[in-house]
Amino acid sequence: MGNLCGLPSSAKSSSGDNGEGYIDMTPKKISRRSSGDKLEGFAKVSNRSMEPKGVSESMVHFFEVINQENCDAQGNVRAGCLLRWMDICACLSAEKHGMLSSVTLSMDDLTFDMPAKLGDVLEISARVNNAFNTSMEVGVLVQSMAEKSSSNTHCKAYFTFVSLDHHGKKCKVPKIIPETESERDNYIMAKERRAMRFKKKDMIKEILDGEQNNSDSLGRRGSAGMSESSMTPTPWDGKKKRLSVMLRDAVFTGTADDSSIESLERTMSESALTMTKVVLPSDANHMGNTFGGNIMSWMDDAAVVCATKHCHFGSLMGTFSVVTIAVDAFSFLGPSKVGDRITFLAQVNRAFGTTMEVGVRVEAQALGGQSRHINTGYLTVIAKAKSNGGPTAIPKIKAGNEIQKQQHMRALARRKLRMERKKLSGSGGKSDGLAWTWTDEMSKEISIANIFGLLKVNNSFELSWESIPISLSPNPFQIRMEITKDTWGLGLMTIRISGVVTCPLDSMFKAVMGIDMRKKWDLAVAEYENKENIDEHNDIIWASYKELGSSKKDKKDKDFCLLRTWSSDDHRYIIASRSVVHQKVPPRDTHTRGEVFPSGFILTPWVMDDGLGRYEEVEQTSFDYVIQLDKIGQEMVGANNKGQESPYIKVIVGSLAKLCGILTMETSNTKKDHEVGGSV
């Protein structure tokens, strides 16, 4: 709930406007003030259990009734209020787990999916997903209280907190024990998100470098995969698909006169503003650190005022309002205390048709002390016409000096990253064009989304699964099949085939991952090749599948270009494959290119117990094999016949049965070898 992110420190005084007409958003090196303020090492806290805890033990529910003071002029709750409430709830959860005071380290990118309105009752829920030595990831979900469904989810985000003792030193926190499938999924993904946070700065730089390489040829694609001209959206014309799901309930019949606005242009210096707050005791926790939620709320206020200043001049005065629709991320670089003067330096970095990115730099200063850089955030703000509530065009922004031009380009890179993340999350997706374009700078994001996409569909309670009979006799491996017909409302069919095989977990993992082994048990595979090893957990696969069940000789075999990603925890292996567009695997005239959402295996070990506390030597492994199909894939498996009469379904089930048979035989032979060796 505070804003500590490492070492309390002071930096060189930075007034924001350095005399050249721009605000420097670059983090400055933070120096330590005294040895007493260092947070090095781990504090020893007595009378505190370090026994691992279940995720459910950290669960916190927080309720807020939205009243007039929380809303803007249109009756929608202000983003700053939501940020403050979410931070409080996340802090309560972190402190419940760690049994110590906790302070905010960072918050991941956040999108406000649906506006909460005056009179709504919000339920804000938080739980610790994973613990990393002294830090914790806390997931926060904001929903309307009336009904638990995706239609009334307003936003969600992941906070990182650290625990401190009464001396302000970092403390280790208990480990997390995931108990349910959902908790185990988030436990794995929390580790992946943590790695991605460390890499985000490099990702922005890689995208920026790619965009700069394209600047000499605006229509040409470079290493970032998209040129500046292709990134620039066209102004809203009142007929196109809505720019944000936040506006999905509104119907727009017109907008402000775009032609008059397009000719307007302001400099970044003209949009800049400085706002100052003083930290009162009510703004801080019992240790005197400013609540992180308050800092974030004030940053939102500064962004909205800055955006309003940019839009409201000349003929545009009073014609529309601005609303925050997304937050790139907040990273707290140092603490602020009661009595500190907090300065917020904001400017519009770039305008994108109807939206703009506002950068906010936060500095803290004690009376007589030096100014310290404690936070930088980037918020996306949309302009909405007061006449009809629809998105409307805004004035352009002009970069002056070289530093401003760099900020202008970085805003473009951050926007591209947000767009790619939205695509990877599946929000607003279509059932056609499922493949993601592979780029090195997005590799970590795509890998995480691949694993998460498989876990999400396999364990979701929102999907309605229907059991389908299979013609497999005998069925010693308990193989069964289920389908869901419209996954996530995208018109996709998903098949899930489950079973149990007598073999060690590692043996099944090797059999599923092995390229040559795949050709032995997968009866539908014509060719299966590893085209590129990306790293130890990712590779690019080209797979060709035979055309079955058709008398037409001109039918082509289906092929797929797949990113294969695997991950593991203490209990499972997850092997996810999904379609990507990769330069080393172009489409072939001899094949029809198919596409799949994240599909693959989830392997879980079972050890047999004789009921007397003695474990048998034979291990069993249960598996879920999930396939998310596009329209071509649905035709292949016979979606119209529910899949049970399809030749492909018979082949898939037969392939899994063959895999189980091979593994069972190998396990039996291994056991016999051990028995013979023991007798000798």
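Glycine too: its Cβ is placed from the backbone N, Cα and C atoms.
Values in this document were obtained by computation on a predicted structure and should not be read as measured data.
The feature region 'Disordered' is assigned by TrEMBL to 1-37, 209-238. Among the features that TrEMBL reports, domain 'HotDog ACOT-type' is placed at 56-167, 269-387. Summarising the annotation, TrEMBL assigns domain 'START' to 445-653.
Break the domain 'HotDog ACOT-type' (269-387) down by DSSP state and the numbers are 29 helix, 61 strand, 29 coil. Looking only at the domain 'START' (445-653), the predicted model's pLDDT averages out at 82. Helix, strand and coil counts under DSSP for the domain 'HotDog ACOT-type' (56-167) come to 29 helix, 53 strand, 30 coil.
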